[in-house]
């Protein structure tokens, strides 16, 4: 009686293992960092004109670190400019190789999300007042505390 159960298990294993290997092999695993993919897009379509040597429009994307998007204020302004140009599809210019629509959308969405993420993690505290003007009660309390002198 044990024989048919063992045979079934053996046959099931012989069939299941190769099928699972084929199924796993057919699915590519994307281990690349999105920043690497976007850096490759920028290198392919943008850095040819916007590099340290030519500085087209006063912008060099050659040394901007894609992994640090949104951290430096000057670089954030440059990335915002890149996002505006890519969203309107004005860059790369006509006649130059251009990415497809999914690459445009992927890059602009990723850049905007990174800038927003860094901004939400590090909010701008706004203007800090250097000196606080004391009212009468605060002034009287400060004089009393510092000089042990009661004033009206």
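Going from the start of the chain as shown, residues are counted 1 onward.
Backbone N, Cα and C define each Cβ position, glycine as well.
Marked as domain 'Cytochrome c' by TrEMBL: 36-111. For 86-105, the entry in TrEMBL reads region 'Disordered'. Look at TrEMBL and you will find 133-152 tagged as domain 'DUF1587'.
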Apart from its near flanks, which chain residues at least 6 from the ends of the domain 'DUF1587' (133-152) lie with a Cβ under 8 angstroms of it? none
Within the domain 'Cytochrome c' (36-111) only, compute the mean pLDDT. 89
What is the number of residues in the region 'Disordered' (86-105) that are helix, strand and coil, as DSSP sees it? 7 helix, 0 strand, 13 coil
Run through the domain 'DUF1587' (133-152) and tell me, per DSSP, how many residues are helix, strand and coil. 12 helix, 0 strand, 8 coil
